[in-house]
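The feature signal peptide is assigned by TrEMBL to 1-22. Annotation source TrEMBL lists disulfide bond at Cys32-Cys49. The domain 'Cupin type-1' annotation in TrEMBL covers 63-214. The annotation oxalate binding site is assigned in TrEMBL to Asn108, His113, Glu118. Marked as Mn(2+) binding site by TrEMBL: His111, His113, Glu118, His160.
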Amino acid sequence: MKSLSYIAVLSLLALTLPLAIASDPSPLQDFCVGVNTPASGVFVNGKFCKDPRIVSADDFFSSVLNRPGNVNNAVGSNVTTVNVNNLGGLNTLGISLVRIDYAPNGQNPPHTHPRATEILIVQQGTLLVGFVSSNQDGNRLFAKTLNVGDVFVFPEGLIHFQFNLGRTPAVAIAALSSQNAGVITIANTVFGSNPAIDPNVLARAFQMDANVVRDLQNRF
């Protein structure tokens, strides 16, 4: 009788364990609002799959990182991205790549990737890089000066940056652990949202005059 009880328990565990360890798939876009009827849906969490019978090597190839990006802008940098939006072969594979070009004293300003950890390697120049930990960790800054061949990791979701310390252009390549990592540039998001955040909210948050906030909003 006991053996039958053990078999029953093991059978129940076999049925329920996969449910216990299952989890929702990671989001591959900012949001994916559920609908009750398929006719109302136009997107999935990711991309629709191409018929495997018509897939070719070109679906897994890109040469966009061969060319330097235009760094003639306010921050003095340019990020060229290879992700699922311009290389369909990355769909479902959980990885993407970027090339970052920096003018002298240029920077990739403080930003975060909501869906990916980033690992960066310097190909040319000298960069000051860093990230800031969460409020719960005391907002600690982890920073390092990187030279050619050096590698640095930015954990998923944490605010991070890179700054070209040199007097010559710099280049870095970074891999991200998502086919569509997303990017939130802090200054653009806070001061350039559409519609604008009430200046009084930001004035209180940043402990500054509301007129200064309005001036910053006009810049973005």
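Every residue gets a Cβ built from N, Cα and C, even glycine.
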Spatially closest candidate among Asn108, His111, His113, His160, the listed binding-site residues, to Cys32 (disulfide bond) (Cα to Cα): His113
Taking each of the binding-site residues His111, His113, His160 in turn and counting other Cβ atoms within 10 Å of its Cβ, which one has the fewest? His111
So which other residues, same chain and not among Asn108, His113, Glu118, have a Cβ within 8 Å of the centroid of the Cβ atoms at the oxalate site? Val98, His111, Thr112, Ala116, Leu120, Phe154, His160, Ala174, Leu176, Ala181, Val183
Of Asn108, His111, His113, which is closest to Cys49 (disulfide bond) if I measure between C-alpha atoms? They're all binding-site residues. His113
How many Å lie between the Cα of Asn108 (oxalate binding site) and the Cα of His160 (Mn(2+) binding site)? 9
So around the Mn(2+) site, His111, His113, Glu118, His160 aside, which residues have their CB within 8 A of the centroid of those CB atoms? Thr112, Ala116, Phe131, Phe154, Leu158, Ile159, Ala181, Val183
How long is the line from the C-alpha of His111 (Mn(2+) binding site) to the C-alpha of Glu118 (oxalate binding site), rounded to the nearest angstrom? 12
Let's check the environment of Cys49 (disulfide bond): how many other CB atoms sit within 10 Å of its CB? 11
Between Glu118 (oxalate binding site) and His160 (Mn(2+) binding site), the C-alpha gap once rounded to whole angstrom: 10
Is it possible to get the count of other C-beta atoms within 10 angstroms of the C-beta of Cys32 (disulfide bond)? 14
